[in-house]
Each structure stands twice: as C-alpha cells, then as structure tokens.
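Feature list (source: TrEMBL):
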type     : residues : note
ACT_SITE : D231     : active site, charge relay system
ACT_SITE : H265     : active site, charge relay system
ACT_SITE : S489     : active site, charge relay system
DOMAIN   : 226-555  : domain 'Peptidase S8/S53'
Amino acid sequence: MTIAVESRVSVPLFVSPAARATTQGLKLLNFQSNAAKPQQNEPSLDLASFFISRSGVKSLNSAIEKYTDWPDDTEPEEFEDLLGDDGDDSKRPRNFKLFESAALIRPATLRDFWTDGLDRFPRKRGEAIWEVWTRAGYEDAFEKAAETFEVSLTGRVTQFIETAVRNVTATPEDMQNLVRVSGAVVELRGASSFVSDYMNVSLAARRTLAADLAENIVTAPSGTPRVTVLDTGVNHRNPLLSGSLRRSRCYTVSDDWAISDHDGHGTKMAGVALFGDLSNLQPRATTQLLTSLESVVVAAPIGGIDVPARDAIQKAVELVESQDAARVFCLAQTAPGEPEDGRPSSTSAALDQLAYSDGKKGRLFCVAVGNVDHSEDEPYQVADYIERNRRHGVQSPAQALNALAVGAITRKVSGSSPLVASDGDLSPTSRTSQEWEARAVKKPDIVMEGGNFEVDPGGVFSRASAQNLVLTTSREAETSPLAMTGETSAATAAASGLAAKLMARYPKFRVETVRGLVVHSAEWTPAMLQQQRELEQATTPNDAWAALLARYGWGIPNEQRLFASTESSMTMVVEDDLQPYELGDDNRPKLKEMKYFKLPWPTRELAQLNQTQVEMRCTLSYFVEPDPHAIARNRYDRYPSHRLKFDIKRFNETDTKAQLRVNALGDDDDSTSVADDGWLIGRRVRVGGTVVQDTWTGPAYRLADRDGISVIPVRGWWGDIRQSERYRRKVRFSLIVSMRIPEGSVNIYQVVRAAVPARALVEGAVPVTT
C-alpha cells in the first residue's frame, strides 16, 4: 500500500537523503517540498509518499507505538535516521526524526502522487493523458494492471536508472486503481509532448527543436529497406530527412513535373514513414533508424497535366527499381471517381498486377482507404460517425486484393474540448467497406493512428484537432521544418514504416510474409470490440464480425507480438509454394495439389495444461494475378487467378484422416465445411481475400491434438483458360501460426525451438516443417 506523510506547519519534514524507491522498509516514492494544498487558504506543507508492504505495516505500527511512548524530555542526539536501516546501536524508535517532523500519516490519494502544478491536475471524470513514472522492475505489474482496467498506454517507454516514464490515457478513477493495484507508480505529472511544445513556441524555437532532433538521428546503413513514397514529392532538404533521402532517389513520373514537393503532403508522409509520430521522440535522445526513403511524384501539381493513376503507379515502380533494394511502397493517394463499392478498378487491378509481378518476387503496397470529404466550408458531420462512416466507401485503389489496405483509428484524446472519437475507435474521417457489394473482400486490413477531430459548438460539425494529430516533417524546411498530419494518409505512412522495419529485422522474408505478419499481429481495441457486441445485438454474429472487419480490419498491429516470441506466446512461419492446377485427362485444367504441414507443437505441455484456455491464430498470405474483366461477367470469384485457404486438423483426428478429408479439393469453399467450432470469425467470413486469418480459442488439451494444417487451392481464372498455360505455374504462400497460453504456465517457445532444426530457425520466429 502507499501512505502519505504530511509535515507540521512551518516544520520541514525529515526524510533521509539515502531514502529512495529501492531502499529497505519504507520506500520513498516522491517528496514534495512546500506542496500546495487544494484550498488556497491552507498553508503549504512538505509531503512524502511511501510504499510499504503488508508485512511492513506491522513494523510501522510498532515503531509509532514506541515513538508515542518515548519520553518527551530526552534531548535528541546526532544519529542517522535511516528509513531503511537505523543501525544496531540506535535506542530510539525507527524513523524517529520522520515522526518528530510529521503531523499526519494517512493513506495516499491520487493527488499525493501529483508533482506537477495543481492547475494541471485532471479535475473532470473523463479521460486525460497522464505522464506516469514507475519503479524499475515493476513495468510488468503496471502493464498487467493497465490491461485489467482496460487503460491505454500510449507512446514509448523511456527508461532511467530506477524509473520508467510513459504516457497513459485514463480517468482519475482508473488511475487511482492503477496506483493502488500495481504498487509501481512513484509520480504523476501532466503529460507534455513535443507536439504541444512545438505548437506553442516561436518559429525560431521550432527550428531549434527540429535541429535538436536532427542532430541525434543516426541514419540507417546502406542496403537497408526503403519506403518508397508515391505522393506529391518530398523535400529531401528537410534536416530530419536529408540523411535518409538523397536527391538521386527522388523521381517524377512526368518530365513536366519537378521532383520537389508541390503540395506538402508527400514530405509529411515521408516523416511518418521514417519516424512514426515525432511527438514520441525525445529531442536529445539518439534515434537509430533502420530504414531509408525514396520519393516518386505521382500526383500532378496544380496546372500540370494529369497522368492516369494506374500509369503513374507502374511508371513509379519502373523508376525506383532501376536500383536493386528491398522496399515497401507507400501510397497515401486515392483515385477519386473510381468505384467506391468494392468493384476492382483499372488502378486497383494494375496495383494487384504489380504486387503479383511474375509470381516469383512480389511487391508490397501499403494503400490508404481514403477519407470522408471535408473542407473548411463543408466540415465533417458528426452524424456520419454514428455508424462509423457507413455511407462512405473505401476509395480506389485500396480494394486491391494484394495490397495492405490501411484505415485510421485514434488513441489521441487530449484537451478539454469534446472530441468525435473515443480512445481506440475509428479516426473520424476514415472510410469503411460496410456498404460494399457482398462478394467484395472487406477492407481495410489494419488500422493505425490518424488523429482526432474536435466537435464545433452546436455539435453538428467537427474539425481536425491540432493537439490530437501526428507530428511529422514539413516541406517548409527553412522556416518551419515540422508540421501536423493525420487521417488515413498518416496511418498508411506509419504502416509502411512498420513493414519496412520488419523487412530490416528479417531480410530474408518474402513480402507476402511481411504483409501476413503485420496483419497477424493486429489486435482490436476494447472500443472496437464494444462496437462488435452492440452490432451483434442488432444483427447476427456473422454480420457483426463482418461489420467489424469492414470498419477496422484486424485492428492495430502489436509491435511486441510482431517482432518477437515470448515464453507464453510464439509465432511459427512457413514459406512455400504449390501448383494449384494441372491439365486433366479431358484436356482441361483441374486442381492438382494441397500441402499438409505437421506443426512442431508442444503436445505434452499443452496436454498438461488440460482445460486451460489457449489461443491459436492462423494467417495465410499470398498474391494473385488479377482478371478485372471478370467483374463485368459478374464473376467475383474469377477475379483472382486462384485462391487458397487453410484447414486445421481436428481433435482426435489422425494426420491421414485430416488429409483425406480435405483432399477432395472441391471447386468452392464448401469442400471443408465439416463443423469446426472454436473459431472467432468462422470460415464464411474469413475467406475471399489474399490474407486469410482467424483465431481459435479452446482448452489446451484439444489444441495439443490439432498439430496439422493444410493449405488448399480454390479455383480461379487460371483454371478456366487452358491456352495461357497458367496451369503450369506454381504459386507462393506464407503460412503463419501463433499460439498464446496464460503467462507463467509453461515456456512453450523454448519447447518448440528445441524441436526445430537449428538451420531452420529465424530469430524471433519458428518456421514450420513439412
């Protein structure tokens, strides 16, 4: 528990200089000299907050009793009043000088942890952003408490010698619970960020802040992955970008356009792709970059001659691929006027074709789903948010099956003004696929930070909230090198940067694997799941899950899950190929083969966990060759060259029976329609796209027996056209399977790692063997 000790009026509170959060006995959390009282007419007092264990409470009570019985006329002697160790020779009660100077010992309140000005203390019942200082070694306890109370932890953790600092979005009540349950908090302050500092200083000071950041950037070594920004150009002279973007890597798809940023949008995207939200960086801390940049102007400047979107994308790819490098394409531009109902467009089909390439070396495109139109004259209407922009369909080319389509959510809820979105919900203008043609694949695939909007007086309209946007780089490098951005553009740039960092971490992974891992790591926030529950009450479970996917995709990528396995969670990856078709006896293409993989399951350990609930997530990622004309034939199922699906071995089923069950290789998705409960989404909702994913939850003993997985082809247009001889081709796929068990139960990662040959291991992931 935590206690607060108040001094007597005009008497300094004695606390040993040696006292700290790591000493024995009373652990000093914070000390406030002349702490202001909430009521102005009350005198200022010294205030100390301590953590004390349950066993320490008895010792404290005993020391207080001894102090109470101590004779008043005894002259104090010089001695060390140690909060942790009074020494063997001390005859006085422990903490004597502390008691002498104290007027009151009481349970600590939330205000006792507040070391900032009282005018900044959150007084409303709603959520606020707190700067929370925690004891070193107690981060896990704090994070578990935050998870229990569904409290959002924002930004990165900054580590010091005995403390760690992070921002937390919480109500005062939730923060009080965090302090009480975790025992980790030593101090609370008002959350300050580089954004608020930057927005409230002079132009000269802004340039200084940007220079401080730039001075501590360590650029990525040569040969690292690049984010190729397909946009309005990038100002490579911005001091934060210059080391990562040489002029020789700046291109334009039209000789009539300059390579410079004609609008400002592209430079903003470059900053987010390279750094994420700059407000999370410490100005004087070293920032080691893992990726670099390329820029291609694909959007015409004002007065310039337009280049068709599909041509611009193809030309951009040709330009940058004159240099051999691993890269992620960032496309935060949309093609207005093209279909917004999920039907493929020429631009989305061209993008699918480029991503598929020749089927041997694909390309990864991160594409924005687009924003609901708004302007100063026609602001965003709050009423559209009630159904999360249901009437505003995802814009082209984000419907491309092979693209990683990115929507926007927000975790930014600062300020006293009413905001449109709550923490973890859809960023106000992010488009959705809720009203798409039923046969179209739901988009986005994932969501990332896009900022928030403030509601205007009257409650009808809203506008972007400057303090709730993303801080990034500006094309005005000389005068104002930083700027704000948001919406799905910022989210797409962030996703591109994340994918490129994953490439840097695992340089041998295919792009299909990188895309699959990003989606595999994604998680829904409590706000998203609340939407699903509300929808399920009004519709059916399948419809509710479909709506959730149409709004948020699979959620926000979890970087911890993305980059590493842990003792209680692991990720296994297989990269392989299969030949979907062959020429049959009737001289027509027919389905040829499936693949079956035996998973290196910790069978014995799972069996011992018995009824304990565990989780398995499966993701299948692959690219297809498109036939956009199939839609004109009303054949959505023939737009892709082929499709793939996965099927897991059932409980009490042998490997042979599992393969025989699916080896019929039916021409549609009903070929594996045998009942299989425990899946979150279900077969009918999860199929269709080129990222197939679902999560199974159930007792551990059942999962122990589900140690086999099939990858099965489903017919596409390759199976209809013999003349092209596509039936001879093999197709690549990436299969990702992860397992989660309760923390502390068993180290499954080490068990599985030991079962896989050393030559097949990849740091942080365990490949599956056939």
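From the backbone N, Cα and C atoms, a Cβ is placed for every residue, glycine too.
Feature annotations (TrEMBL) mapped to structure.
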residue: D231; record: active site, charge relay system; Cβ within 10 Å: 27
residue: H265; record: active site, charge relay system; Cβ within 10 Å: 20
residue: S489; record: active site, charge relay system; Cβ within 10 Å: 27
H265 (active site, charge relay system) and D231 (active site, charge relay system), Cα-Cα, nearest whole angstrom: 7
H265 (active site, charge relay system) and S489 (active site, charge relay system), Cα-Cα, nearest whole angstrom: 9
For the domain 'Peptidase S8/S53' (226-555), mean pLDDT (0 to 100): 95
